[in-house]
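Chemist: The structure follows.
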Amino acid sequence: MTCWLRGVTATFGRPAEWPGYLSHLCGRSAAMDLGPMRKSYRGDREAFEETHLTSLDPVKQFAAWFEEAVQCPDIGEANAMCLATCTRDGKPSARMLLLKGFGKDGFRFFTNFESRKGKELDSNPFASLVFYWEPLNRQVRVEGPVKKLPEEEAECYFHSRPKSSQIGAVVSHQSSVIPDREYLRKKNEELEQLYQDQEVPKPKSWGGYVLYPQVMEFWQGQTNRLHDRIVFRRGLPTGDSPLGPMTHRGEEDWLYERLAP
């Protein structure tokens, strides 16, 4: 592997040398050019055409791609996703978490309402999800409004989790500052003893959300960077309103188009 830095060319005989050299450079505050880091995706014969859509309902199309991701032995957590939220004054934040269900009504996930994402969703109830399945060269982006799930549903899911995870949710006042990890260990041990023979109560600050999709984009990578992008959006045109020549009707109120990469 060869990498170019400002004024420096470094060649590595073994991939294992790369992380160590990166650490060395970071310690010296070197400016790093990662331009040469590149991988091949799919060829043109494997392009994602409109005729390859499993359904003209994007949630069903997501289900088809999700099933392929689940079956792929190189993907450990097909339901891992990046959740992006934003404050009312436009400061974004993003983090990885797990999708816990999806359907026509939306995409479900659970978290602590007092976390940064919880506070941002409370003040600005819109979000974006991104699923990236690298071995398949595929990505799905979902945008839409978010609302809290009913308390009964949150309660049901909470008690379906392993008891250690339930206790962990009680221990952690997510995003609050703590003295050290030992603090968490002690709190966890105390609660393990307290709830050894009884049910763990769900914290009031813990629950679920559902994101109602208004935009869903399906991306598939191409080696020549002419990536495939097919986007679905809920349409404003109603009835027999004419559509543009490059806009197509999907199922129900969905419209879809191909975007330039």
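For all residues, glycine too, the Cβ spot is worked out from N, Cα and C.
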Chemist: For the FMN site, Swiss-Prot lists R95, M96, L97, L98, F110, T111, R116, K117, Q174, S175, W219, R229; sort out which one of Q61, Q71, Q139 goes with them.
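Modeler: Among Q61, Q71, Q139, only Q139 appears alongside R95, M96, L97, L98, F110, T111, R116, K117, Q174, S175, W219, R229 as FMN-binding in Swiss-Prot.
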Chemist: From the list T238, T247, pick out the residue that Swiss-Prot labels phosphothreonine.
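Modeler: Per Swiss-Prot, the residue annotated as phosphothreonine is T238.
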Chemist: Based on DSSP, name the secondary structure state of R229 (FMN binding site): helix, strand or coil.
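Modeler: In three-state terms, R229 (FMN binding site) counts as strand.
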Chemist: Restricting the comparison to the binding-site residues R42, K100, R161, which residue's C-alpha is spatially nearest the C-alpha of R229 (FMN binding site)?
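Modeler: Given the candidates R42, K100, R161, the nearest one is R42.
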Chemist: Taking the residues the record says bind pyridoxal 5'-phosphate (R42, G43, D44, R45, K100, Y157, R161, S165, R225, L226, H227), how far apart in Å are the two Cα atoms that sit farthest from each other?
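Modeler: Of all Cα pairs among the recorded pyridoxal 5'-phosphate binders, the widest measures 45 Å.
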